[in-house]
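Structure record follows, encoded as structure tokens.
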Amino acid sequence: MLNQVLQVIGVTQNEEQQLEAIYNDFQRPPKIDIALMHAAATKFARTDPNIDLDKTNVCPCCGLPTIIEELPLCSSRKEFSFNGSGIALYFDFLVFAGVIIFEYIAISCGYNIYANMEGHRCDNLDDSQSEKCQTNFFNLFSLTNDDGQLDNIRSLLNFISLICILFTTLFYRRHINKIAMELDDAAILASDYSIFVENIPRDAKENELNQFFMQVFQNETVELRKLCIAYEIQPYLKLNKQKQLKESVLTKVLELEAEGKSIPKSIPSRQILEQEIATISKELDYMEDHKETLFDFSGVCVISYNYEKQADNVCKTFKCTKFQILLEQLGFEQKHYQKFRNNSLFVKKAPEPGDIIWGNLGITIKEQYKRTLVTNGMTLFLLILGFGCLFGLSYIQSIVNNYTEEGSLIDSIIVNLIGIASSILISVINGVLAKMIVKFAELEQQATRTDYNVSVAYKMGVAQFLNTAILTLIINLVIKDQSVTLNQAIWQIGGLNSDIMLIFITNSIVPWFILLLDVNYFYKLYVRNKILKQGENCKYTQNEANQAFEGPTIDLSQKYAQLSKTLMLAFLYASLLPLGVCFTFGSIVCIYWTEKYLLLRRDSKPAPTGSAMAEAMIDFYIELILMLFSLGCTLWEWINYDQVHTLTWIQLGLSTLHYLIPIQSICGCIVDLGIDNATIESYDEKFLTFYDDYDRRNPVTADAAKDKWIKIQSETIQTAQPSSKNNVLKSYHQINHVITGSTKVHPIESRDSKDELQQLKI
């Protein structure tokens, strides 16, 4: 693959041989200059548009330019769009979260805190209860400290907060839609012209597919330009994984040889390993050359048309959803949809080529739903285990609380320490949930990385919220002594007030603090310093050195889940503990600047992503957050005052209605979202500028497709006869754009996820 990169940037054959000698994944000691080039090439920064690509400013490992423009910390979020809209929209979501939290603080929080402080709950209790109540930090600012009548002003301000936040969400939807459309119009990619088709009969032939998808759609003819068939390539990926494992063993053998140590008998010799790797490479080449006969058709293909409007028309023709196909496969009669043979097809605009997980294609729709159901069940089982642990601590806390003597400082300290232990345990359980949910999502074998990330974010956000907020609520209010009232269960020593307030405090510090103290990053710093100090005596390979100098990669799914959990927790308990919302606002501000600093100074450049992740998070969480806010206002008023204000009932009904109605469909009637214009230029005119394409990402067609693409590029360069210097620059930078994205060659276990590396044979 290095040869292909060098051919396009104009390196001669002799120079190719020299550079191949310069770069070797298994070289010891590693060349520090190449590791530093790789660090620059993978850093989250813009490529300098004024440079000319040549052998001096292209990383020989990954083929990415090494001349970059580092963005300042005060840079606008829109400046992140060079890597797609995904990163920019995540930071927009952070800002949106801060805005709606601030709206509540500005409208309701101040008055609620003041009104709560003016209460005297503990002073007005009888002797049997007063010994269990303390006007401490946890109770002083709580709604339960207000022992007066139902407050009209409080209910009115909460209602106004909901209305303001609701309108903010409508305008935020408009904002992200406009950003997505602007970026889509500005960048013309292969996905603009392509459709993604599932549930095709497995015995369908390529000629049959060509003929079917070239018919008239929406009363207009179509011009099919490319058909990329996805195969069931698990044997190929498994063999490629074996090759990578043997290369890892070979790395260890070379290290032992460099240190002059004997090789254990359980490890094959270097010669045997090199021979086995060469044999596997030949087998992989054979599989690629005979893919049609060796691999089964997965029932999935990607089809590119000459105009985007033609692709849109095909999508409009096939209206069947995945759920309707599932019902059809289960024997339920459905509407008559246009079919291929007897199969209803699921057709949508194609995702980005790099977004598709080719090894996961071929899982039937019925199997997809089955796996999702199983993983959801396993997530629920983990939540039950976490509930058991928290219940155990709560039980111990209640026993100590029952034997607490009035004014006993030691007993009070013990109860509070148990509360702190509960909040820490919740953080630990959330960490375990996060790791297990990632594993569960992998078992689902989603077709795209966006679907995988959305699945992780859905499960993780809801699971952590249930573990943090709902289980704590159940333990304190439902599982309690019969002699304890609901109100007392909240304000008593070690009650809900103290537990939730400790969670607010912990949640305001731990997330961003853990980001700064990333153990993996500091280990990489240690390895970097070790490589620099050892110099010629360094035992690390070039590949290992490159990985050490490469920054961490941002994981949007976990970040969205963490932020959504924080918002749901804050709004559910906003009416009960308004001071906790202030802690949440501080946490979001710290997370924003911490994330921005890490992205611009530590992190590596993630794979480009679109707006689908942000849109899915908004559709799932925003209306849910508003409903939880209203539900919390209703619940805490009922518990504290034994009645609910009329405005609060209206607030609950409005937020529930807002949750149930298809707000995304009618949002455009309220604010102008603009028009997503179809690309006017044809595929024939733009395909040379595509930095990425489906056949170049499909593991079993990648090598042949890249060779063909490079040949076309070379012929274009040779036949171009620019008449002026400006034309030369224009033509050159067009090729530069192609190179920047299309030749992403990474060493084993490098920038991208392991599943992608298992698919790419480079």
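Glycine residues also receive a Cβ, built from the backbone N, Cα and C atoms like all the rest.
Per TrEMBL, these features apply:
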type     : residues : note
DOMAIN   : 192-360  : domain 'CSC1/OSCA1-like cytosolic'
DOMAIN   : 366-586  : domain 'Anoctamin transmembrane'
TRANSMEM : 87-107   : transmembrane segment
TRANSMEM : 153-172  : transmembrane segment
TRANSMEM : 373-393  : transmembrane segment
TRANSMEM : 413-435  : transmembrane segment
TRANSMEM : 456-479  : transmembrane segment
TRANSMEM : 499-523  : transmembrane segment
TRANSMEM : 567-594  : transmembrane segment
TRANSMEM : 620-639  : transmembrane segment
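Through the fold, the transmembrane segment (567-594) approaches residues 91, 94-95, 97-98, 100-102, 104-105, 108-109, 112-113, 116, 141-144, 158, 461, 465, 468-469, 490, 496-497, 500-501, 503-505, 507-509, 511-512, 515-516, 621, 624-626, 628-629, 631-633, 636-637 of its own chain, all at least 6 residues removed from its boundaries and within a Cβ separation under 8 Å.
Between the transmembrane segment (620-639) and the transmembrane segment (153-172) there are 3 or more Cβ pairs closer than 8 Å, counting only residues 6 or more apart in sequence, so the two stretches are in contact. In the predicted model, the domain 'CSC1/OSCA1-like cytosolic' (192-360) shows an average pLDDT of 87.
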